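**Q** Dropping a structure here in structure tokens format, bear with me for questions.
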Amino acid sequence: MRSLRAVSELFPRASDAGLTDEQITDSRARFGPNRLTPLPREPVWKKFLDKFDDPIIRILLGASLLKIVVDLFEASTVAGVVALATVLVVLLGALVGRLGAWAPALAFALAGGLVGVSVALDDPSYEGAAVMVAVLLATGVAFFSEYRSDQEFEKLNATRDAIRVKVTRGGGVQTIALEDAVVGDLVILEMGDEIPADGRIVRANELLVDQALMTGESEPVRKAAGPPDDTADGPDQPGCVFRGTQVVDGAGRMVVTNVGDDTMLGQIARRLSGEPEPAGPQDRVAEKLTISKASTPLQEKLEALAGLISKIGYAAAVAIFIALLVRGLVVGEVRLPAAGEDRAQVLLASVQALLSYFVYMVIVIVVAVPEGLPMSVTVSLAIAWRKMSQANSLVRQLVACETIGSATVICSDKTGTLTQNKMSVSRLGIGGRTFEGAFDGAAAPAPGARPAENTPLHWLIVNAAVNSTANLEQKNGELVTVGNTTEGALLHWLRRGAWAGSGPFDHVRLRDEFPVLHQVHFSSERKRMTTVASVGGRPTVLVKGAPEAVLARSSSYLAPDGTIHPMTPQARAEFEVQIFAAAADAMRTLAFAHAELPGDDPAHADTFHTRLEALETGLVFDGWAGIRDPLRDDVKEAVRQCRGAGIEVKMITGDTLETARAIGREIGLLDAPDAIAMSHAEFDKLSDEELSARLPRLRILARALPGDKYRLVRLLQAQKHVVAMTGDGTNDAPALKRADVGLAMGISGTEVAKEASKIVLLDDAFSTIVSAVWWGRALYENIQRFIQFQLTINVSALLIALLGPVIGLKPPFTVLQLLWINVIMDTFAAIALCSEPPRANLMQRPPKRRDESIVTRQMLGTIFATAGFFVVVMLVMLVGMQYGGWFAGDGAASEFPGLTLRQVTLFFSVYVFFQVWNQINCRSLDPGESGLRGLFANRQFLLIAALTVVGQVLIVTFGGKVFNVAPLGVLDWLAVAAGTSSVLLFAEVARRVRRWFRASA
């Protein structure tokens, strides 16, 4: 780490006024941007090859190789022997060479080569090639699913560096992106900030930094300015701070000495490509720089469901194989050679029949195993993440996309979330009188003059400017607050004019005029901020904070004429009445006081803290300010929507109970007659049992401490609630982590709060939370739609494949036809159904319970009713074609005995078109809603349905021998489309019947 002296030699005055534009350009050219090299990623090709290492893929590849080898034996004995020997040599070589992980990929390549040989012999192994296509589809879907997931995580990881940094440049305060920081920058550090780069402290006020990222120690470390020539570095040095660590208390200034990969964080990150050290800094840095990819609860539910379906599919496939074997023995497809028959030819035919049963069984497994479920989650999460981001919800952990949709309680801050965070001083209390907006009393100074010293107005101005860490920055032609917005309101008040006719006050000049000696920042526990400044060369204590805290420490008050009077009970009561009236008018109230210390008072930092309590007593009360923050325009409607959605809204604020009640009544939180509003004092006195009994009625918690938020989350979760909690401060981090969904403020939130959250509200608005709930619920429902569609195909396809041989008929599905059905089921449907827009009535239903199954009773009713309809229609059609000659035409015979190519084609097309229409049915999850409702609002759904139809027409028209089909005429297609649309009518009738039964019950 460079010394301050080395940096100042390169960039003179950087530690005083900050860098100039020329110095910034020079620094970036010399030392580069503050950007870390991305962590090493697994190559894409390796991820794709890894997808071959799966039990189903191994089974498919084995079946494919067997089928191709048998087909080659039939075409040429020599070719068959060579192929078999090649397969054995390659696979044994892979085992001996310990290339087991590569064996599936080698088998796939080998199968491809053997298919090429069969084509060269003019006897293509269509079914072997078909199984290879199945392998390619299965691995492709799995790879695409993971690739999309990785892409979303890359986008999420990019948000890690979306941090704003406060710097002094050219003598003024600016906010810049983290990666724009350069060596020599003078960075302003405040509680809750993340250190943007490595650097050295040049000024510190009780600065405490959490260095657990570097050291593993959770105890914050005090930092202080060191000598300019100091070259020692490391987390143990009080003058050094490091990128990624966090300010947990106090304030300070640092000069950036190292950026990007040259920081300690960057150096550790570069070592991550090597062998990691267990529980060391590399693990902590990896966790810091990447977002967890742990499975979400919904993914775990779907994995369990997929496992159950797979087991049923395996069992059904074995049953189908046995049924086909029995049928083969009955009809003579599998038999021993009779006397006088060609023994080799009969045995080869029997082996081919057995192999065709085996391949059919394998394809049934492929159809039954729901590879599309993980993809449906990926697609749905990706859509929800994108839509929520567009709606100002930056999702930092994908699990939050689904969890927010199940929220039963939203615990919201007031300032900036329910209100606009556009604070302005609306009322002043000075010397027992109140003034609206600006002081206009008889003692007001003349225009252009400054208030007389030792008057209330003088001390209010000094306190507002000096006892503060906020700043004003010029942006787009207007002054905006950088830092605490309450303090910003006071700075704007100074700029606007502290009294009628006054000119603007520059807080920067006032801070130069009254330099700060010591400072203790505001905290929820202390409820005040204290600064010792040099006023006229004399140390003076300036205190601002909650009126009750300041009044309790004041023994006198200052009259408008500058005379000091004792703080009698009567005077205190009069001040309290005025302040209460402002709070009841929905204003945030702040009180101000001061105390002049003796000129020889020791100003050492080591004695300041031990004497702090004494310094803050016996104060002179100077007055108070009422700060108004208007409600957001959409907050009333958002609260109403939450109530309709079965979500409790609880407001948690640091304001007084009177202010909180006024806001609560205005937005409808206290409409219920039994609604409760309580302060921290009452909240803290109640035991967990007493508080738990009151929680269902609690709507407002005022004067709340960060520990109150944590306790509230814990007790609500004990009552099985899914809790969303907002927070913006460093001390909110434990509650944000504990909540099911922690929501940090993007504008006013500290970096510590954002780090602890799962979602960052980019606009800080409560309505954004409601929008996130809406999309979270939509995600869950879209996955349910896909499950409903997929299980309908699973059940119908397995029953048709199983019952056909039972009644003596083999369903005329070829391997390739089943694979095409699998593509429709797993890929197209996942994209189509998971892109459904949210329903308008989503926010009129109660949240999903934690233990609620993702497959509901209504879904099961739809699945089995529709699957039953498919099975009956398809088996009746099969029997009619087999024994009644239905739709036979005069076409050529197919590979299925007794059926023409036209019949097989129609059977295949009818089943596919059933699925196309059924996608429309599956858009509905509620018997009270038609699947046709809002159909044309989802263009993506219509496009995918159209592509499926076009794909089916192309396969039938040009598939020929490969798909075992024959072209159909226009009238045939119209008949197929019209006939299969009957499933829409069936589904509507079934829904009406279920509605009738539900109404009767």
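These residue numbers are counts, starting from 1, taken along the chain as shown.
Heads up, the Cβ atoms here are built off N, Cα and C, so glycines get one too.
Here the structure is a predicted model, which means the values were calculated and not measured.
Per TrEMBL, the features are:
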COMPBIAS  224-238  compositional bias 'Low complexity'
DOMAIN    1-72  domain 'Cation-transporting P-type ATPase N-terminal'
REGION    218-238  region 'Disordered'
TRANSMEM  79-96  transmembrane segment
TRANSMEM  103-121  transmembrane segment
TRANSMEM  127-145  transmembrane segment
TRANSMEM  305-326  transmembrane segment
TRANSMEM  346-369  transmembrane segment
TRANSMEM  786-807  transmembrane segment
TRANSMEM  819-838  transmembrane segment
TRANSMEM  859-881  transmembrane segment
TRANSMEM  901-920  transmembrane segment
TRANSMEM  941-959  transmembrane segment
TRANSMEM  965-987  transmembrane segment
**Q** Using Cβ distances below 8 Å and needing 3 or more such pairs, separated by at least 6 in sequence, tell me whether the transmembrane segment (901-920) contacts the transmembrane segment (786-807).
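**A** Answer yes: the transmembrane segment (901-920) meets the transmembrane segment (786-807) with 3 or more Cβ pairs below 8 Å.
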**Q** Do the transmembrane segment (941-959) and the transmembrane segment (79-96) share at least 3 Cβ pairs under 8 Å, sequence separation 6 or more?
**A** no
**Q** Does the transmembrane segment (305-326) reach the transmembrane segment (965-987) with at least 3 CB pairs under 8 A, where each pair is 6 or more residues apart?
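**A** As far as Cβ distances go (cut-off 8 Å, pairs 6 or more apart), the transmembrane segment (305-326) and the transmembrane segment (965-987) do not touch.
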**Q** Across the domain 'Cation-transporting P-type ATPase N-terminal' (1-72), what are the DSSP residue counts per state (helix, strand, coil)?
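**A** Tallying H, G and I as helix, E and B as strand, the rest coil: 47 helix, 1 strand, 24 coil.
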**Q** Among 103-121, 346-369, 859-881, 965-987, point out the range having the most Cβ pairs under 8 angstroms from the transmembrane segment (819-838).
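**A** Between the candidates 103-121, 346-369, 859-881, 965-987, the best contact partner of the transmembrane segment (819-838) is 346-369.
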**Q** What does the DSSP secondary structure composition of the region 'Disordered' (218-238) look like, as residue counts for helix, strand and coil?
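**A** Counts, helix then strand then coil: 0 helix, 3 strand, 18 coil.
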